[in-house]
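Novice: Copied straight from TrEMBL:
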- 5-107: domain 'Fibronectin type-III' (DOMAIN)
- 111-207: domain 'Fibronectin type-III' (DOMAIN)
Amino acid sequence: VPMVAPGNVQVHVINSTLAKVHWDTVPLKTVRGHLQGYKVYYWKVQSLSRRSRRHVEKKILTFRGNKTFGMLPGLEPYSSYKLNVRVVNGKGEGPASPDKVFKTPEGVPSSPSFLKITNPTLDSLTLEWGSPTHPNGVLTSYTLKFQPINNTHELGPLVEIRIPANESSLILKNLNYSTRYKFYFNAQTSVGSGSQITEEAVTIMDE
């Protein structure tokens, strides 16, 4: 098997899900056989928004031939990763380079995990929601948009409310009675807005 590890391993983080890794080729005599390529082992150490460490699944990408760089796609935003590089010949892999740590920046969050509308009265509705399963960063706020829908399914004027990130419920007041409303709800990080969840609910007709 090869005798030495690739040196001068560098990671260039391109965006929240993509990084580029560079390394120096090893001297051919240390390959001790036919150089087949390089393998990059990489794994997520932890999410920076949740401190839970779970079972570490190592991923491996093989770059054929005498390449000196490779792309690592499909990374999770706002996470800490480690990687190392090994040279491969027909017999197997050489030793690993020292582990390199890199961090991905924040991305936009996934949609809120649920949106529930309860306690209808003549002029109010209560909204409850769950934070996104994948915040992909630090949540800065939620945005709620809603509008009435009339009997012919025409949409009325859209109202928009910004809600602090630490809230998980809201009572909407001053609504019209016996009216169907459509709600659009999403979360934000400093990078932008995540995908929205939609729901409909009706205020009651009369007491």
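Every residue gets a Cβ built from N, Cα and C, even glycine.
TrEMBL labels come from automatic prediction, so no person has curated them.
Could you place these features in context, so I can see how deep they sit and what lies close by?
Specialist: For the domain 'Fibronectin type-III' (111-207), the predicted model reports an average pLDDT of 95.
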Novice: Over the span of the domain 'Fibronectin type-III' (5-107), count residues by DSSP class, listing helix, strand and coil in order.
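Specialist: DSSP classes over the domain 'Fibronectin type-III' (5-107) add up to 4 helix, 50 strand, 49 coil.
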